[in-house]
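*Asks:* Dumping what TrEMBL says about this protein:
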type: ACT_SITE; residues: 97; note: active site, proton donor
type: BINDING; residues: 31, 65, 66, 67, 89, 90, 91, 122; note: 5-amino-6-(D-ribitylamino)uracil binding site
type: BINDING; residues: 94, 95, 136; note: (2S)-2-hydroxy-3-oxobutyl phosphate binding site
Ligand SMILES: Nc1c(NC[C@H](O)[C@H](O)[C@H](O)CO)[nH]c(=O)[nH]c1=O
Ligand SMILES: CC(=O)[C@@H](O)COP(=O)(O)O
């Protein structure tokens, strides 16, 4: 179901587990920062709205989405991090570079999650245009950051 038919910010906070003592890392790609900063705002506010303490949210930047995998590994290996939310925006250009980045990040984040047995959330937009990205970073289709945050909370609740 595309974001056009399911708003990214449309979720229920019912039955959300107690995350008041959980610590979340949020990695933010510096590429397309107008978009990724909006994703971060959505993720941060959603975490707080669902019971996460502000002081338990650790933000770090990486240069681009390709670096999210190593950044996630460095965060996930820390014992005091319970989940890592990875935020990026890869916009299709003229070449196949887009494909290689998107594939590398998707596989890389999955590998980190399985290696450290922690939720490592894929909050990466992969649009064709800047408009599509903005529509999913607080626009008409909601905020991918919201979705990533609630996904991290749900996964921690699943493993409690
Ligand atoms: N074009 C985009 C990039 N490119 C940079 C790569 O992510 C990476 O930093 C570089 O290849 C060096 O390893 N990154 C994005 O996040 N979004 C883009 O649209
Ligand atoms: C996803 C990218 O790296 C892309 O924005 C770079 O643009 P291009 O493919 O035109 O070099």
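The backbone N, Cα and C atoms fix where each Cβ goes, and this holds for glycine too.
Caution: TrEMBL annotation is automatic and unverified by curators.
The shown structure was predicted, so the numbers you read here are calculated from the model rather than taken from an experiment.
Have a look at these and tell me how they're positioned relative to everything else.
*Replies:* For the recorded site, residue 97 (active site, proton donor), the DSSP three-state label reads helix.
Packing around residue 31 (5-amino-6-(D-ribitylamino)uracil binding site) is summarised by its Cβ count: 18 other Cβ atoms lie within 10 angstroms of its Cβ, all protein chains included.
Around the Cβ of residue 95 ((2S)-2-hydroxy-3-oxobutyl phosphate binding site), the same chain contributes no residue under 8 angstroms that is 6 or more positions distant in sequence.
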*Asks:* Any idea which of the binding-site residues 67, 94 has the thinnest Cβ neighbourhood at 10 Å?
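*Replies:* Fewest other Cβ atoms within 10 Å, among the binding-site residues 67, 94, is found for 94.
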*Asks:* Among 31, 65, 66, 67, 89, 136, the binding-site residues in the record, which have a C-beta under 6 A from ligand 2?
*Replies:* none
*Asks:* Within a 10 Å radius of its Cβ, which of these binding-site residues (89, 90, 91) has the fewest neighbouring Cβ atoms?
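*Replies:* It is 91 that, of the binding-site residues 89, 90, 91, has the fewest other Cβ atoms within 10 Å.
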